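Q: To start, I am sharing the structure in question, which I have written as structure tokens.
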């Protein structure tokens, strides 16, 4: 794993707190992201360093929320330390929401010397027109946004779209799929699109949302609230997060244990013949007993 000792000269961090707690927080987020990058092969650092492959380009999605700001800051930090040999392009999709402060992100990105692209597409009108009253906008909004970002990634020559989803997003998605979808699935750290030409990366997928909130406050990011999906009542994701909050209150550390479970899967102890050959289990073969399963 590459060295992630912190340098004080990255412009984005020039005026950040000098407290030990902030330094630990920053280091925790940076090292966590680097571990995800290395574990799931988001970049072939060795091949790039030896010249076998050119520097890839990543399209880093910036919504103006705390998570995407944190994502960009962490990636820039890794890039600055020489641990991420990737060209980064920050991208904001202006979806035409009424009252959206168009000046904030371009000014902040320019001030911090970040290469960026602002895309304007009025998906707001489409979503509010097509989605029936009382239904949530999330699904259609996400599909439209994803299609636009794939297109921009291709136009910019980017091999990957990078998103700021974190551990708590993954757990809420897992619970939604479990309870409402009848399947075991969360958010993958690395995904290939249907056309096979653009990847989706989530380097913060092991980061705690609380850490990102503290980081955003310390960094004084100019947060832009979502006035579409984020303002609707009755979102199932909100319900799942409340459920997880309650479990965390009753048993601190529950979220981290659940996140660990996503990396510790035993297909032989589930019921899906597509991922485990139950029919092929024969006497005399290698067994897989589990003392934690009631007999």
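Cβ coordinates come from backbone N, Cα and C, glycine included.
Here the structure is a predicted model, which means the values were calculated and not measured.
From Swiss-Prot, here are the annotated features:
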- 138, 141, 229: [4Fe-4S] cluster binding site (BINDING)
- 63-68: motif 'PP-loop motif' (MOTIF)
Q: CB neighbours of residue 141 ([4Fe-4S] cluster binding site) within 10 A?
A: 20
Q: List the helix, strand and coil residue totals of the motif 'PP-loop motif' (63-68) as derived from DSSP.
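A: Secondary-structure breakdown of the motif 'PP-loop motif' (63-68): 3 helix, 0 strand, 3 coil.
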Q: Taking only the residues in the motif 'PP-loop motif' (63-68), give me the average pLDDT of this model.
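A: Averaged over the motif 'PP-loop motif' (63-68), per-residue pLDDT gives 96.
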Q: What is the number of other Cβ atoms found within 10 Å of the Cβ of residue 138 ([4Fe-4S] cluster binding site)?
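A: If we count other Cβ atoms within 10 Å of residue 138 ([4Fe-4S] cluster binding site), we arrive at 17.
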